[in-house]
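Chemist: Before we start, here is the structure in question, set down as structure tokens.
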């Protein structure tokens, strides 16, 4: 008699007339020629089959649980149902209710003569009933009811009956189930071991913890973690798994609380290694929280822990990314002092930190160390180096780094060209900057942006190349780039240097039509160029339609005194004082020098 059950929903147990052969067999042997995914159960003898004696239904149900089978079905012919009933009542203490089911023929029974349909009866046992009663069977009936209720609660919490009591064997089962991503089965065995007073090994516990977290079972993982702490089975890897999972699910504030509890306990603090500190630093690095990362670094130092290459890489990259360049430099110095060799990411980050702090010599040393270690600096590090050298006026070194950048196969970008242009301007090599701009426009015109245009406008301003400046300005507007007030100021400034007041006014009117509001630098430049161009009316209009500003009046009065327009200067000085604006020292000195002596005497008498 063979029963084939699809999708493994139940396990069937069949009883023969011969009590000695009352066995059932479970096999997945391909030689049985049954489709995959089906469970074939046999009565009788067979090779390659897993057999269970009918006298031990508890063991049978335990094996069913390992197979993931929720129910145990017992089927027998009618004349044997009394023995099945007695067997279940004695072994499992489960009341039996048999219902008829059609099966094959049976022999040697009085009922067979009366019923031609050959009724067969079936008994279904649920997992909880079987396990609960199997545990109750093993305890003395004199136990108090509270103890039996506790046992029932344990079964309902997923605790299994364990026939195997070897801790090593059970630990290997937990490890295997965790590795094949079956956390619920592994957790059931773990709970059963703890309930039975058995202690899983450390490797199995960590593997179970990792499997639970991998499947999003954080609550169960925290329970296992607390159980491991109570059993002193925790390591740095255990804490790292929990802290990272809690930070991802509940935020780093919860992770900080757990970490604080760990370091506050003397027993637990001994198990905290550098891996745990690295995990905490990485949690804050992910959130760009440099302050908390610095606190973990300080705690690590106070506890006598020596950082690894990973520790300093996390610290330096986090500090640089958050703009804390001084902290990054301190961490790098400590790393070198401890004799650790920085990785490529660390060296790239520290080059940026040194460059932003103006320590171009230290940045050059790190760059040379990368080349000596056959580590190719990336384009970002080269750009930071060029920018730092340019700000320091080291134009030659900046172009040497640019040549190195090209030899490494990095194409110059907007940041590269703008850094080189600024380097030439800082070295007062404005003509070279304009020539470089023309070269950029010829080979990479698509890369030109507002920053490069403004840089070359600065060169035109310094040289007084008003026509070149206007050409660049019109090119900016034609390319639909955003033209700022600063761009117009540079062009007006170039007209001022070249003494082209009318052109400066035209640029100013153009600026207003483009709906750009002039600032104080625009008005000061216009005031100076109008005075030197003897455009007195225009200068007075600028004062009339602009907001009252002391620096603007000072510039107008000083320019008029220098050009001999003393009457206008006196009127403006009087108007300035009436408006409550304070003249600067140079304006007061010029007015005192040009006021009549009688007027000065009268003012002294007053």
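Just so you know, glycine gets a Cβ as well, placed from its N, Cα and C.
Predicted, not measured: the structure shown is a model, and the values here were computed from it.
Checked TrEMBL, it gives:
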REGION    584-606  region 'Disordered'
REPEAT    201-235  repeat 'PPR'
REPEAT    273-307  repeat 'PPR'
REPEAT    308-342  repeat 'PPR'
REPEAT    343-377  repeat 'PPR'
REPEAT    378-412  repeat 'PPR'
REPEAT    413-443  repeat 'PPR'
REPEAT    449-483  repeat 'PPR'
REPEAT    484-518  repeat 'PPR'
REPEAT    549-583  repeat 'PPR'
Chemist: With a Cβ cut-off under 8 Å, give me the same-chain residues at least six positions beyond the ends of the repeat 'PPR' (449-483) that come close to it.
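Modeler: That would be 414, 417-418, 421-422, 424-425, 428, 430-431, 433-434, 437, 440, 490-491, 493-495, 497-498, 500, 503, 507, 514, 516.
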Chemist: Is it possible to list how many residues within the repeat 'PPR' (413-443) are helical, extended or coil according to DSSP?
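Modeler: The counts are 27 helix, 0 strand, 4 coil.
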Chemist: Looking only at the repeat 'PPR' (273-307), report the model's average pLDDT.
Modeler: 90
Chemist: Given a Cβ distance threshold of under 8 angstroms, which distant residues of the chain, six or more beyond its ends, lie next to the repeat 'PPR' (201-235)?
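Modeler: Distant Cβ neighbours of the repeat 'PPR' (201-235) are 167-168, 171-172, 174-175, 177-179, 181-183, 186-187, 190, 194, 241-242, 245-246, 249, 267-268, 271, 273.
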Chemist: Where else in the chain does the repeat 'PPR' (343-377) make close Cβ contacts, counting only residues six or more beyond its ends and a cut-off under 8 Å?
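Modeler: 309, 312-313, 316-317, 319-321, 325-326, 328-329, 332, 335, 384-385, 387-389, 391-392, 394, 397, 401, 404, 408.
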Chemist: What is the number of residues in the repeat 'PPR' (273-307) that are helix, strand and coil, as DSSP sees it?
Modeler: 26 helix, 0 strand, 9 coil
